[in-house]
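**Student:** Below, the features straight out of Swiss-Prot:
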type	residues	note
ACT_SITE	K78	active site, charge relay system
ACT_SITE	S158	active site, charge relay system
ACT_SITE	S182	active site, acyl-ester intermediate
Amino acid sequence: MSDLNALTIADARDALRKGEVTSVDLTQACLSAIDQADALGTFVHKTPDLALERAKAADARIAEGDAPDMCGIPVGIKDLFCTEGVPSQAASRILDGFKPEYESTVSGKLRDAGAVMLGKLNMDEFAMGSSNETSVYGNAVNPWRAGNSDAALTPGGSSGGSASAVAGDLCLAATGTDTGGSIRQPAAFTGIVGLKPTYGRCSRWGIVAFASSLDQAGPMTKTVRDAAIMGRAMMGYDAKDSTSANIDVPDFEAMLTGDIRGKIIGIPKEYRMDGMPDEIETLWADGTAMLKDAGAVIRDISLPHTKYALPAYYVIAPAEASSNLARYDGVRFGYRADMAPGDGITEMYEKTRAEGFGPEVQRRVMIGTYVLSAGFYDAYYNRARRVRALIKRDFDEVFAAGVDAILTPATPSAAFELGKEVSDPVEMYLNDVFTVTVNLAGLPGVAVPTGVDRNGLPLGLQLIGKPWEEGELLNTAYALEAAAGFVAKPARWW
């Protein structure tokens, strides 16, 4: 078999079971691809020896029979996940040198299922960003190029390294996290599938926290079937996470029939934004037609508080971040600034945090501290919480009225050039306009590649589902994927 690193999880699993390939073969193919792809800036901590050790163990387990679906599958792990004995820095200087003595629950579940970790993946610092330009390691780069241009494009963020690695066939799949769109937006920018599960489906234990009421881990894969396979392995109850849901995780793959006849798909009028590119409008209309042709019933719906989602999100998320990031003080772990003679503990805190956090993280911490301050708590934070409740109620009412899933664009544009929006925070924040509502409401959402723009760049649509019904959501995504027939791959330039 050639190009083993280009296989899907499902195809690799089947080949492993038939003895047509070994996990060591798959792992070596990925490690070779990684070594040739430094220009993509994806893997920031490579673990080849550990990967081959785990691959050999996976092969032995497969030979014994009855191995889990993920056994022997080479994957990348976002740098936000704590991985035992392997640097886990959240792409920040302030965690320089931090090697956890424990494994996050999600990466531990994958390890226990026999998945092979190839290394840690680039991301925006502390998951704060939409372009992977805030990382201490430097930019991750999209493997796609626009037309004949050789301009470097963003892979999206914050899970930009994960998206680029999967799209560039450096690994078969990767973990991501999604606080306001950080799985779905990069997936759409790179032509892959990204699933953000219901809040509470994946344990947050051992994942460096950004905004605790919004953060959720999920799979980033080449196909919807792969998302079903990997998602199931990542999900499940964890007593160490107080927000983890003790709800059974079904066999999502077994639910992929592609039959959506009679399913009601909602099209929210509020997602038609002023100035939205014609290509996005056309993509959305085409996706709607595809689902209708597959037997779904299309219904226009209203989510009236959508316009308040972005402002509410950019109050709540920074507020939680300012609280979560208060622990980084240079005392117990990570980076500590050099002290001048006479400096005390206050100076150490100030210098360490000023030098350890990048500009975007500092910006959000300051915003969060401001909105939580005594004089502004009610005016900003409490008001944003009330708006969040209204947004959730909008979705609850739509689903209660019989809608099975909601179809929207995943992003307001295709991938843009690195450096283009980094100087304008508001412009950058607008990249999350279609995705933040899902986090605020705690719902599952999935980005599916469905077309390309005039420059040949991938475009994705988002499906939003009912809470805890990832299986139904993935089946609808499976039908959309089949109808769209997206098979484009980036031309290799790296």
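Cβ atoms here come from the backbone N, Cα and C positions, even for glycine.
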**Student:** Return the count of C-beta atoms lying within 10 angstroms of the C-beta of K78 (active site, charge relay system), excluding that atom itself.
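**Tutor:** Its Cβ has 31 other Cβ atoms within 10 Å.
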**Student:** Tell me the Cα distance separating K78 (active site, charge relay system) from S182 (active site, acyl-ester intermediate), rounded to the nearest angstrom.
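**Tutor:** Cα-Cα distance, S182 (active site, acyl-ester intermediate) to K78 (active site, charge relay system): 11 Å.
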**Student:** Looking only at DSSP and grouping its letters into three states, which state does K78 (active site, charge relay system) belong to?
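**Tutor:** It is in a strand.
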**Student:** At a 10 Å cut-off from the C-beta of S158 (active site, charge relay system), count the other C-beta atoms across all protein chains.
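**Tutor:** S158 (active site, charge relay system): 36 neighbouring Cβ atoms within 10 Å.
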**Student:** Determine the Cβ neighbour count for the residue listed as 'active site, acyl-ester intermediate': the number of other Cβ atoms within 10 Å of its Cβ.
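**Tutor:** Result for the residue listed as 'active site, acyl-ester intermediate': 37 neighbouring Cβ atoms inside 10 Å.
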